[in-house]
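Visitor: So Swiss-Prot has the following annotated:
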BINDING   Gly43, Ile44, Ser45, Gly46, Gly47, Gln48, Asp49, Ser50, Thr157, Lys186, Thr208  ATP binding site
BINDING   Asp49, Glu162  Mg(2+) binding site
BINDING   Arg137, Lys170, Asp177, His257, Lys258  deamido-NAD(+) binding site
Amino acid sequence: MQQEIIQVTGVKPVIDAEEEIKQRVQFLKEYLVHTGAKGLVLGISGGQDSSLAGRLCQIAVEELRSETNRDYQFYAVRLPYGQQQDESDAQLALSFIRPDHALRVDIKPAVAASMASFEQATGDVLSDFSKGNTKARERMKVQYDIAAHYGCLVVGTDHAAEFVTGFYTKHGDGACDLTPLTGLNKRQGKQLLRQLQAPEGLIEKVPTADLEDNQPGLPDEQALGMTYNEIDDYLEGKTISAESQAKLEAQYKRVGHKHHMPVSPLDTWWK
């Protein structure tokens, strides 16, 4: 199964960071022109993935403005849930990205309204885990509102390590128009950030989805039960422990529904 997953994710065992940056910027430019959209929108958390995707987006629109004389724009959106504990990291990311526009929308009131509506309708309280997914979906809703208003595309940060584990919210951070980090694993993303001269604090920041109130700042690796180094090694075709391989492959099968459009009677992938 390892070779099948490597083929699906498109991860290369070795990359040229400079060349990968060029190719991914070119992809953003070509698709933006193809669609006729006026720019790009991306949520910025202060983590590795959005920092990298954000910088690629800004480079892409700057190059397009120079090449086409059209006013393409990039909107970087801060989407905190109330007061974000690592706000300084988010500000550091914005300083690195240098976006055309930096917007801020606090999603806490909208999430609270959604929770209240659910409780009123059902008489039940949504679990903390499900509330975390509601936060992710509210963030994406806001990004699509902004994109619709300005005639832009929404950029996602999904990469190979997230894809194989399904470590994203369906119709939340998994919903977007284009994913410039596809085909990269976690350590390769770091390589691109170093090539772009990102602050070391952004590159080495402990990854966290930070969605659960009861477990704030829960590290991804703790939630996954495996390390990104193990996942990256697997995706590069290396041997990892039998236990970790079995866990990763079982997880890949379990989250298969996230890799497809809504299932229909004509589909057979799930059988």
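Cβ coordinates are placed from backbone N, Cα and C, and glycine is handled just like the others.
Bear in mind that the values here come from a model prediction, so they are computed numbers and not experimental data.
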Visitor: When you look at Arg137, Lys170, Asp177, His257, Lys258, which the record names as binding deamido-NAD(+), what is the longest CA to CA distance in angstrom?
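Guide: Maximum Cα-Cα distance: 18 Å.
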Visitor: Under DSSP, is Thr157 (ATP binding site) helix, strand or coil?
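Guide: The residue in question, Thr157 (ATP binding site), is coil (DSSP, three-state).
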Visitor: Let me spell it out: for each of the binding-site residues (Asp49, Glu162, Asp177), count the other Cβ atoms within 10 Å of that residue's Cβ, using every protein chain shown. Which one has the most?
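Guide: Highest number of other Cβ atoms within 10 Å: Glu162.
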Visitor: From the Cα of Thr208 (ATP binding site) across to the Cα of Arg137 (deamido-NAD(+) binding site), what is the distance in angstrom?
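Guide: Computed Cα spacing between Arg137 (deamido-NAD(+) binding site) and Thr208 (ATP binding site) is 17 Å.
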Visitor: Quick one: among the binding-site residues Gly43, Gly47, which has the most Cβ atoms sitting within 10 Å of its own Cβ?
Guide: Gly43
Visitor: Indicate the candidate from Ser45, Thr157, Thr208 with the smallest number of other Cβ atoms within 10 Å of its Cβ, considering only these binding-site residues.
Guide: Thr208
Visitor: Among the binding-site residues His257, Lys258, which residue has the largest number of other Cβ atoms within 10 Å of its own Cβ?
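Guide: When each Cβ's neighbours within 10 Å are tallied, Lys258 leads.
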Visitor: Which of the three DSSP states, helix, strand or coil, fits Gly43 (ATP binding site)?
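Guide: Strand, per DSSP.
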Visitor: Nearest to Gly43 (ATP binding site) by Cα distance: which of the binding-site residues Glu162, Lys170, Asp177, His257, Lys258 is it?
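Guide: Minimum Cα distance from Gly43 (ATP binding site) across Glu162, Lys170, Asp177, His257, Lys258 lands on Asp177.
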Visitor: Let me make sure I understand the structure: which of the binding-site residues listed (Arg137, Lys170) has the fewest other Cβ atoms within 10 A of its Cβ?
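Guide: Among the binding-site residues Arg137, Lys170, the sparsest Cβ neighbourhood within 10 Å belongs to Lys170.
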Visitor: How many whole Å apart are the CA atoms of Glu162 (Mg(2+) binding site) and Lys258 (deamido-NAD(+) binding site)?
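Guide: Here the two Cα atoms lie 11 Å apart.
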